[in-house]
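Here is what TrEMBL says about this protein:
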- 6-197: domain 'Fructose-1-6-bisphosphatase class I N-terminal' (DOMAIN)
- 92, 115, 117: Mg(2+) 1 binding site (BINDING)
- 115, 118, 280: Mg(2+) 2 binding site (BINDING)
- 201-331: domain 'Fructose-1-6-bisphosphatase class 1 C-terminal' (DOMAIN)
- 211, 244, 262, 263, 264, 274: substrate binding site (BINDING)
Ligand code: AHM
Ligand code: MG
């Protein structure tokens, strides 16, 4: 790891990748970096102060909101609103998209979509959680409030996406469409330092990540794929291994480094899958493609799906290219009646 290259410097160094947006995107990423540090500080105190547990409020999707969910949402929103690049955000924790109305945000060109604290049910048990973000250029006219159209763009229009993983160390991993780079937080310096340059995912992997508790409710093709992993040995002669943390960010991060596949298919209780297209699937799909992998809903490329609603859910198959392709073969071979 090079302590000599900080995230801030790296962003500025790379800003020529954006001829029409040089300083703006850099400043936007700086607000995400700042909010990540604040949330990281708070997460590290979990257990010491009264910040774990539920708020007693459910979010729009009927899921119990955790105190840190609400905290992270507020901090990311505030950091983005405090600068003049973002005209509005959509968040997993907000019912509707939020338009920033301050004079400062009037001429902003970007919208941000985020899952401020992914995997938050893991906080109380000291397991890794994360923040996922996705950045788009608005399509509506600058100077007017953002519209639904700005937030419902397909993933292939993302200009940047990334995540922060609050794990055994805290990392920020992002892409602006020119590869994926990872930065590890050094708390003694208060700085993210470049630690994982130009991250790529192996084409083949050995890890499959899926909530097998839902096995009987999976589509037949997915069941067959799981059996395939259990009964076969990859060419390198080391058997497949099952790893599931239940924090998408953490499962994704491990698979990105080691090679693997993460699957969240439709189930009886979640007939469209559980994960949200805009806050979770699209940003992760952008990252995985930039790292040389693929992401689909079992049928089509995640980033080509035209969103119809903010909190839309889709099945997700994401990771090493050859593993996702193998799942597809099983899904085609064993189609279920819908
Ligand atoms: P969340 O955004 O409400 O935390 O839900 C998303 C999480 C993912 O991080 C994780 O992979 C998945 O839900 C786990 O779901 P399940 O418990 O159904 O396996
Ligand atoms: Mg989530």
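Every residue, even glycine, has its Cβ placed from backbone N, Cα and C.
Looking only at the domain 'Fructose-1-6-bisphosphatase class 1 C-terminal' (201-331), the predicted model's pLDDT averages out at 97. Spatially, by CA atoms, the binding-site residues 92, 115, 117, 263, 274 include one closest to residue 280 (Mg(2+) 2 binding site), and that is 115. For ligand 1, there are no nearby binding-site residues; that is, of 117, 262, 263, none has a C-beta under 6 Å from one of its atoms. Same-chain neighbours of the Mg(2+) 1 site beyond 92, 115, 117, judged by a C-beta within 8 angstroms of the site's C-beta center, are, in sequence order, 69, 72, 73, 91, 93, 114, 116, 118, 120, 131, 132, 279, 280. On the backbone, the CA of residue 115 (Mg(2+) 1 binding site) and the CA of residue 262 (substrate binding site) stand 18 Å apart. DSSP assignment over the domain 'Fructose-1-6-bisphosphatase class 1 C-terminal' (201-331) gives 57 helix, 20 strand, 54 coil. Separating the Cα atoms of residue 274 (substrate binding site) and residue 117 (Mg(2+) 1 binding site) is a whole-number distance of 16 Å. Straight-line distance linking the Cα atoms of residue 118 (Mg(2+) 2 binding site) and residue 262 (substrate binding site), rounded to a whole number, equals 15 Å. Other than the site residues 211, 244, 262, 263, 264, 274, same-chain residues with C-beta atoms no more than 8 angstroms from the centre of those residues' C-beta atoms, the substrate site, are 209, 210, 248, 251, 265, 275, 316.
Figure note: comparing Cβ neighbours within 10 Å for the binding-site residues 244, 264, the maximum is reached by 264. For the recorded Mg(2+) 2 site, residues 115, 118, 280 set the reference point as the centre of their Cβ atoms, and the other residues of that chain within 8 Å of it by Cβ are 92, 114, 119, 130, 131, 132, 248, 249, 275, 276, 279.
It is 18 Å from the Cα atom of residue 92 (Mg(2+) 1 binding site) to that of residue 264 (substrate binding site).
Ligand 2 lies under 6 Å from the Cβ of 115, 118, 280, out of the binding-site residues 115, 118, 244, 274, 280. Non-local contacts of residue 263 (substrate binding site) by the CB criterion (under 8 A, 6+ apart in sequence, same chain) comprise 208, 209, 210, 222, 225, 316, 317, 318, 327.
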